[in-house]
Amino acid sequence: MPLGDSATILVPVDVTADDRPARPLVDLCRSVDVVLLGYYPVPDQLAPAQLKQDHETDAQATLEETADRFRDNGIDVTDILVFTHDREDTIDRVANEYDCDAVLVLSETEHIEQILAPIRGDTNLERIVSLLEALMQTSDASATFFHSVAEDSDPSHGEFLVRGAADRLAEAGIDRDRIDWQLSEEESPHDEIVELGQAYDLLVLGETKPSLRDRILGAVPTRIVDEVDRPAFIVRDVE
Amino acid sequence: MSEEAGQLERNLGFLEAMTLGGGTMIGAGIFILPGLAAEGAGPASSISFVIAGVVALLAAVSLSELATGMPIAGGSYHYVNRALGGLFGSIVGWGMWSGLMFASAFYMIGFGQYIVVPLPFLDGRVLVVLLGLIGLGLITGINFYGTDESSGAQNLMIGAELVVVLAYVALGVFFIEPGNLQDFAPTGPSGVLATTGIVFVTYLGFEIIATVAGEIEEPGRLIPLTMILSVVLVTILYAAIMIISTGVVPYQELGDSFVPVSEVASITMLGVIGVAAVTIAAAIAAISSSNSSVLAASRVIYAMGRDGLMSERLNVTHDRFATPHRAIMATGGVTGLLILVGLQVQEIVALLAQVASFSFLVTYGLVHIAVVVFRRADPDVYEPDFEIPAALYPAVPVLGVVMTFVIISQMELQVILVGFGVVIFGVVWYVVYVGGQAIETGLIDDAFEDPVQAAIAKLPITSNVPETVEPYRVVVPVANPETQRELLRLAAATARAHADEGTPELIAINIIEVDPSTERNIASERLEHQRTLLANARDIAAEMHVDLRTSAITAEQAGEAILDVIEEETADQTLLGWSGTLDREEHAFSSTIDPVVKQAPCDVSLVEIQQPSIGTPVALAGPGPHSPVAARRAVDFATVDETIPTLLNVQPPNNDGDITPTERGTAAIRWVAERAGLAPDEYESEVIIARDAESAILDAVEEYDTVCVGLSEQRDISRILFGSIAERISQEATGNVGIIRGTKRLDQSGIDDPLALVDDPETIFAQK
């Protein structure tokens, strides 16, 4: 299912921190519906009901304030406040419940001119491209597809992949000048994306199926986002 | 606007619940208990574990039903408090909290022993206690600062521990010497039962699953599954460990050891390597079990604070870490003191284990009773996804209570004394701190009222039975401290005025409306407010020398709750405060008042208090169906200031018949007064002649302090509305306004529709 104008983006914000979406990110969301998830992290020691009892009003106010930033831009916002022991768990549940196409991870940014979209294979590619299309139509940003070629595979396959993605974006009506692609044969795609990411303003990543390793160490996109410190859309794998 | 209030996430899945419950159970106890158990019952101590497991299983079954019926923080405490009321809630709350602290102290002393004993250069009790305190300090500290994302570490720890325990069992089988098992039960059945009391502390873990019931995914399935499964698995594991331990090392030797599992492991698990593995596992186990206990303790304290049984100050969360740091420090502090007692009392380990067992046995006994109460009372909020199968009910709760008594009876005297000390402390705390006023009245009355009533209903009805004199009861819901005095004064006046119909009795109720979706989390200020209100009501009643009972209620819908009380008490009247505003949309008055006005099987007075003096009341003696009752009420209210009320009637000035307007008005008043059963000297009459009846009435009533108006039902019977006069008075009058609705005792009038009475007031008045 391609994304597009009807895309729903989940934006999780920590209501205890000053997690406000930066202006350029709000602008980017003009073409999509937003589900704003305000989460209140509850430590293990505490029954969530206790924090809810003490802080619900404040938390709700903070969330409303954030929601208004989107609404002032004419963006359709559903806001949800959740008291949770586990942020990831809640994001997953709400994303499923509201059928969200991608999760926007907030980070400070002043402008969005360069978008990096690392792609691993065909999985999710369609959806990553159509989200990019939606984002690029509401902004002047340019996008770079990135693929890291596995050591023992044919580099031409990787080129085929990124070229194809770029072509599809062009076919959708995005100016060819705004689209670029890059291949790499370095050993660790993870480190490379982190390094490369510093030069970009926004990342668009595909969700990975949780492997056993991910379950223990945290999913790859989450780690990349943590390390790059740039806002990122994580496109969900709903197949 | 947000579409819904904050949600509470359920984050605990099967694995998390199992590690929380099972992890606590196979934790510290497994390394310390074998010595104590072997000393008490020899190889037959495996039977002790099985008996304890059966008792725990019974409790797990009952608790599962309750926990799926109301999954909310607090576990056993919460269910007992709801079912049996605040007194038992206090006993169980304190019992659980102290039980968890005794258990933690037990784990930490064991922790000290496991580290001190195997290391040749360490020695001495002081060191054991010191290490225990250090371990406890570590746990308290971690919990103080919050343990975000620590569940992964917890799982790894429990996994490592489990590997050691399973290796211990698997390797141990090959080293059993049948000779050691010959003298299977050296202390006989009573020794086995007494040992059950010591080892029961093991089965504290599944209770922890119930205390976090509100956080478990798919509670209907996972709560019973994890509780029952963890009890069964742990029972099997412990029984196997006992057989192996006593099979490898003679029980006498095992009983003398502080580190029984190490003793066995040094034989079966390659000597030093086994000892090292066991020592590390025991240390990990002690930490993780104590940690779970502190977590559970803070939830129990929270639940008690929520219900007003504990100072809410203990539940304050830390500004930065968001942890309930005071509750954690209090738990850590008392546990530390218990560990320190170990310096003086040699048998402290067994004692701590047994007191913890005692507290939880009492708790589970009450949980069994609670499940019976819930089944019988069957409140609306209680719809368990898991029910005790029909074939096992009431066998499970009954057997559970019996077993509890049997095990407690076999405990050592000093344990029973300390245990009962905790129970008595709970009682004293309830009386002193809560003031003996039931915060949560419990469902026990509901549960056992029905059979009695049914028995009465079955009694043969004979005319010879003298009719018992029912008191004349007035139900007064109080909510606003500013007007409750006047409301109670009016209620007392009406009740006294009807003294010939029965002893006057007031019932003051306060209702806290709870949203069912928030699962009864009642902010403590609201409970505080409720307590103050009802306490003031009692003071006011005492000043007025009138019998008053109070009742604190939490309900989803205040109106329904008031109706319930009216019906239960077979009240004769109810008197409600009213803000004086009308709701034009969904309701006539408000969502609380409307159901009462529509359905209450007794007289209803809505009173808008605008000034403290009742003074001389006036009643509109007009053609409404409730005018006579309004007149009656005006007479009742007048007794407050010992005045004579006025009955007011307005007539148009046209004079086209034989009778003058004044005569007509007087006749109408007399008709109303007769209907109200008033003697001519009980009221004054006032007839106003005016074209515009409404403004004339409004002007006239300005003179009076209190106005009584009968509720009009003329416009729309299905949705009781005001007549325009009553409505305008309620809006514009500056005095107190009473809107009165009489009892629809239709059998008395013989007329179904009250409107039929006033079809044509002219003709009725003309007849008079």
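Just so you know, the numbers here start at 1 and follow the chain as drawn.
Glycine residues also receive a Cβ, built from the backbone N, Cα and C atoms like all the rest.
Sequence annotations record features per position, and here TrEMBL assigns domain 'UspA' to B:473-607, B:625-741. Annotation source TrEMBL lists transmembrane segment at B:12-33, B:45-63, B:84-107, B:127-146, B:158-176, B:188-210, B:222-244, B:264-287, B:351-374, B:386-408, B:414-433.
Listed as Cβ neighbours of the transmembrane segment (B:351-374) (distance under 8 Å, sequence separation of 6 or more from its ends, same chain) are residues 29, 32-33, 36, 55-56, 58-59, 62-63, 65-66, 69, 76-77, 79-80, 82-84, 88, 91-92, 95-96, 98-100, 102-103, 105-106, 109, 197-201, 203-204, 207, 338, 345, 382, 388, 394, 396-398, 400-401, 404-405, 407-408, 411-412, 414-416, 418-419, 422-423, 442-444, 447. Summarised as a single figure, the pLDDT of the domain 'UspA' (B:473-607) averages 77.
Ranked by the number of CB pairs under 8 Å to the transmembrane segment (B:386-408), the listed stretches B:12-33, B:84-107, B:158-176, B:188-210, B:264-287 are led by B:188-210. Using a cut-off of 8 Å between Cβ atoms, the transmembrane segment (B:188-210) and the transmembrane segment (B:84-107) share at least three residue pairs, counting only pairs 6 or more apart in sequence. Contact check: the transmembrane segment (B:45-63) against the transmembrane segment (B:222-244) gives at least three Cβ pairs closer than 8 Å, residues 6 or more apart, which meets the contact criterion. Using the rule of three or more Cβ pairs under 8 Å, pairs at least 6 apart in sequence, the transmembrane segment (B:127-146) is not in contact with the transmembrane segment (B:12-33). For the transmembrane segment (B:222-244), the neighbouring stretch richest in Cβ pairs under 8 Å, chosen from B:12-33, B:84-107, B:158-176, B:264-287, B:414-433, is B:12-33. Counting residues 6+ beyond its ends, the transmembrane segment (B:414-433) has Cβ neighbours under 8 Å at 86-87, 89-95, 98, 197, 309-310, 351, 354-355, 358-359, 362, 408 in the same chain. Counting only same-chain residues 6+ beyond the ends of the transmembrane segment (B:158-176), those with a CB under 8 A from a CB of the stretch are 19, 23, 26-27, 30, 237, 240-241, 243-245, 247-248, 261, 264-265, 267-269, 274, 277-278, 280-281, 284-285, 288. Within the domain 'UspA' (B:625-741), the DSSP-based counts of helix, strand and coil residues read 48 helix, 23 strand, 46 coil.
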